[in-house]
Every structure is written in C-alpha cells, then in structure tokens.
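Visitor: Take this structure first; my questions come after.
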C-alpha cells in the first residue's frame, strides 16, 4: 500500500505560516521508515495528516495531495483513514476505550459487528502477538508503560490495517522496555509485511533493528531522505540538532573518520580494528583525578516505605541522601517507584513509614505550598501541570502568586523563555505546541521561581537533542554557578551519562545501588535488574578491550562537558 505526499502543505487555523511546506515523499508498501527532526519540525503534523486527524479533528488549510494506495485522501471520511492506518499515540492513556485489555482490543471489531465467536478468537490471537494473552481481564490503566504500548498496538493490529504509524513510541519507556518495543515492531514488520512509519527522537534506540530509510525534517520541510548509513556518515545530525549514537560521538572525539562503507549505523558491523590505535591515544589523554567534593546534606530520605493499595509496596525501606550542589539521577524501570519518591517529597502523598528531611527539617511539618517554595518539581507529563491558555501566562503564574509587579514578572518570564528556547513562542496558545515544547514550558515555569532543589521527572521525554541539551546545559550552569541541587528521575541513559555524577537505582520498590554513575553504567547485571541497558559507549569500550571501562567512560563524559562549556562561552561572547 503506497503512501505519496505530492507538494503537500498544511497550515493550522491558529497560525499565520504553514507547519508543513511542499512535502514530497513516497513510501512503498512494506517499507519501514523513521521520521526524525527537532521539536516543532512538523513530524507529528505529518503523521496526523497520514492518519486523518488532519483535517477531520484538527482544522487548517491543506494544499497539494496525499494518496494512499493510489486514492486521493482529500475526499476520505475518517473511517476510511482508520481502515488503512493504525496509530499508536505517544500518550497511550488517551487511546484506551475499554475497561479491560480484552475490551480495548475488541473495540474495532465491535464497531464492525463482528460475531462474538470470531471476535474472541481474533482478540486472543492478536493479544498473543504482543505477549498479552494472559492479561486480557486486567485494566489497561494498571499496566506499565511498555504494556500499555502493547495494548495500543494490539488495538490496531486486530483491525488488520496495512499501515502502522508510531508517534514517539519510546518517549515514556525505560531502555529495556524500549528495546523490546523496537523488537516487537520489527517482528511484526517481518511477519506481516505491513508498512511501518515511526516518528521518534531516540534514533540510536530505533536503529536497534534495521530500517529502510530515515526522513529528516526541519521547519516543516524534508531535509534528507536517505539510508541510516548515509545519514550517520554525514554531518546532518549535528547540523539539525539530532543526537547521534554515543559510540559515534566517542569515535569522532578521538579523531576517527567514519566512512559509508564502515556501516556506521551498526556498532556490531563497524571495523573497530581500524580505530584501535586512535582510541587508545585518545584515552591516554584522560585525567583520572576526581574533583568531586561532598558538602552538607540537603535532602535526606530515611527508610521510606509507601503502598498505594495497602498490599504491595511501591517503595520499601528506601534510604539515600543528596548533598547540596550535587547533580544526581534516580534510575529504574517503569513502575519501580521512582515517581513515587517525587510525590512523597511534594507532599501529594504521605509515607507509610520513614521520613524525608530538607536542610534538616522534617518535610511532614510543611504544607504543600511551603514545600513548593523550596522544591521545584517538573512532572513527567506536561499536561498535568499546565493551567493557562497562553505560554506567557503559564510561566508567569507562580511569580504573580508571589505578588511580583508586572514589570518584574515580564522581565523574569522573558529571561527564562529565552534560556529555555521559547522566546519566539511567548504569544502562542499552549495547544499549538508539540509535546516536547509543552515540556519546556513547564520547566520554564519552575525555573522562574528559582528553587533550592530542582527535581525533573523524565525531562527528555518528547524532547529533541538540541532543545534538551540547551535546557540541561542551562540547568547544569545553575548547578555549577549558583549551587542549585538537581535530581533527575529518568531512564534516559544518555542523559544520565552526560549530566549526572551519581546514580541512585531503584528496582522492584527497593534501593539496589547508590554509586558513582560510571560504576552503575559498567555493571550489566545491575542494569538488567533495574530494566535498564548498557550504553553503546560501554559496548564500544568492551569491544575495544579497554581494561579500564569506567575510566574510559569518565573520559568521554569529561570531554563532552568541556565541549559544552566551550560552546556556552562562545555563545556568551557572540
């Protein structure tokens, strides 16, 4: 089933300029392609045109043509799109319609008046394809992120559509679950021959399995339509602010030139013997002296235990502390209890046992409002934090609550919007933003209040590399120059590797590690226990037979940090 965009453009009703411009793209039946690009580049808008949300649910001006299997879609009713294109949304919770997994999978069949006997066998067979056959009676809302993704996938597979569209399927998944998701998509592609379109920021994770082509978008246009090897051998990823695989960054740092014939899209196929000497020389430049200094304790978590239902503990006897001025990560799989820690610190829920101290004061003595003046929390889902229609008003909300005059509010909001890369959107309505842009708005709202302790829950979910690097470099600067203590709750291994110094690892509701980040990242058994995975940087070090894996990883981190500092200085001078 061929998909073809011809001179296709689209402009949202609320915007003056088109979001998509002159798109010319042909996707052949059975291809698997990945669409990448910075936040706001038009990736998700292109997907919404493909699945019919534009123009049926989202209004705007369309020009050019989109054909599916040779049929012009301009005259399609919504059901004609859904009969051919199945979509797994980034926010899976918004996609569920049934009280149980079985009901949710059966929804499309019920609409088609399928008989109960046939429906039962189809639901069972589809659930088996995605490893859910033993869970049909459970509520989809009680599942982990990866399980929810599989329910959504089953809901479209049962309809036997020819085109599968995935809108950032990895955004909310831990590394091991994300890896399994890519494997499931690949297995389905190989077994069914369906056309697969994946919109995703996490390029290295998607390339865990073969893809035919990568479409690079920026500012509403297609900038490249090429193979993975051709893209990774080119300078395009850096040019458009897309994060390249870590192993490539390390090889390039050592001065290694990667040619197309080297198959740079696959670490297992790279001729590493050609780079052994250069990598050894690069590593020998490492300065292994540690400059980490412990200071006084800011956050002290003691024997924390909590259960949502009174039966199974979400946290069990967890203790750790965070020193003033540290940049720490809390790692763990979906459902391990990471976000529960945030809720307990905020005061949204109270522990069944244990206590939390900030600056030596028991947080149970403070109201939620009093805690919010000391601790800034940026939640995982931006839609759970946003309360205003316009971006400027959202960022200004906390400052106005403090009684600031409008001139002070205006100056501070503009400063923070600039730092977070949002200044050009300050007069936009929030609903016109992408998920990643909404995330930056919530972070800007918290940063405007200058908290003593900043907690970010999955800050990179839905963010492109350029925007999250800009934002976190700013947070890193606050941490370095102003001493703001930062805790990142994440399962983004790249983020943790690049920015944090110590990792607290939670698995099955318990603390399983509290150690320097490089110690954690070079322990495959520990990572597997927490549903995490080793990074390609670790795999590169082991394939190069580096005796000191930890030191190799630390040298890479130091080089990257120095590069970020240099770029910051250059921007300030400019």
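Please read every residue number as a count from 1 along the shown chain.
Keep in mind that glycine also has a Cβ here, set from the backbone N, Cα and C atoms.
Quick paste of what Swiss-Prot says about this protein:
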{"type": "BINDING", "residues": "37, 38, 39, 40, 41, 42, 43, 44", "note": "ATP 1 binding site"}
{"type": "BINDING", "residues": "332, 333, 334, 335, 336, 337, 338, 339", "note": "ATP 2 binding site"}
{"type": "DOMAIN", "residues": "3-244", "note": "domain 'ABC transporter 1'"}
{"type": "DOMAIN", "residues": "299-533", "note": "domain 'ABC transporter 2'"}
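Where in this structure would I find these features, and how exposed are they?
Guide: Following the DSSP three-state reduction, the secondary structure of residue 40 (ATP 1 binding site) is coil. Non-local neighbourhood of residue 40 (ATP 1 binding site): 433, 434, 436, 437, each in the same chain, at least six residues away, with C-beta under 8 Å from its C-beta.
Close to residue 333 (ATP 2 binding site) in the fold, though at least 6 residues off in sequence, lie 144, 174, 176, 177, 491, 507, 530, 531, 532, each with a CB less than 8 Å from its CB. Following the DSSP three-state reduction, the secondary structure of residue 333 (ATP 2 binding site) is coil.
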Visitor: Within the domain 'ABC transporter 2' (299-533) only, compute the mean pLDDT.
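Guide: Mean model confidence (pLDDT) across the domain 'ABC transporter 2' (299-533) is 90.
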Visitor: Which of 39, 41, 336, 339 has the fewest nearby Cβ atoms, counting only those within 10 Å, among these binding-site residues?
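Guide: Per-residue Cβ counts within 10 Å for the binding-site residues 39, 41, 336, 339 bottom out at 339.
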Visitor: What does DSSP assign residue 339 (ATP 2 binding site), in three states?
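Guide: The residue in question, residue 339 (ATP 2 binding site), is helix (DSSP, three-state).
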Visitor: Determine, using Cα-Cα distances only, which of these binding-site residues is closest to residue 339 (ATP 2 binding site): 39, 41, 42, 43, 44.
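Guide: Nearest by Cα distance to residue 339 (ATP 2 binding site): 39.
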Visitor: Looking at Cβ-Cβ distances, which residues of the chain lie under 8 angstroms from residue 37 (ATP 1 binding site) while being 6 or more apart from it?
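Guide: Expected: 43, 216, 217, 218, 223, 240, 242, 464.
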Visitor: To the nearest whole angstrom, state the Cα distance for the pair residue 337 (ATP 2 binding site) and residue 41 (ATP 1 binding site).
Guide: 34
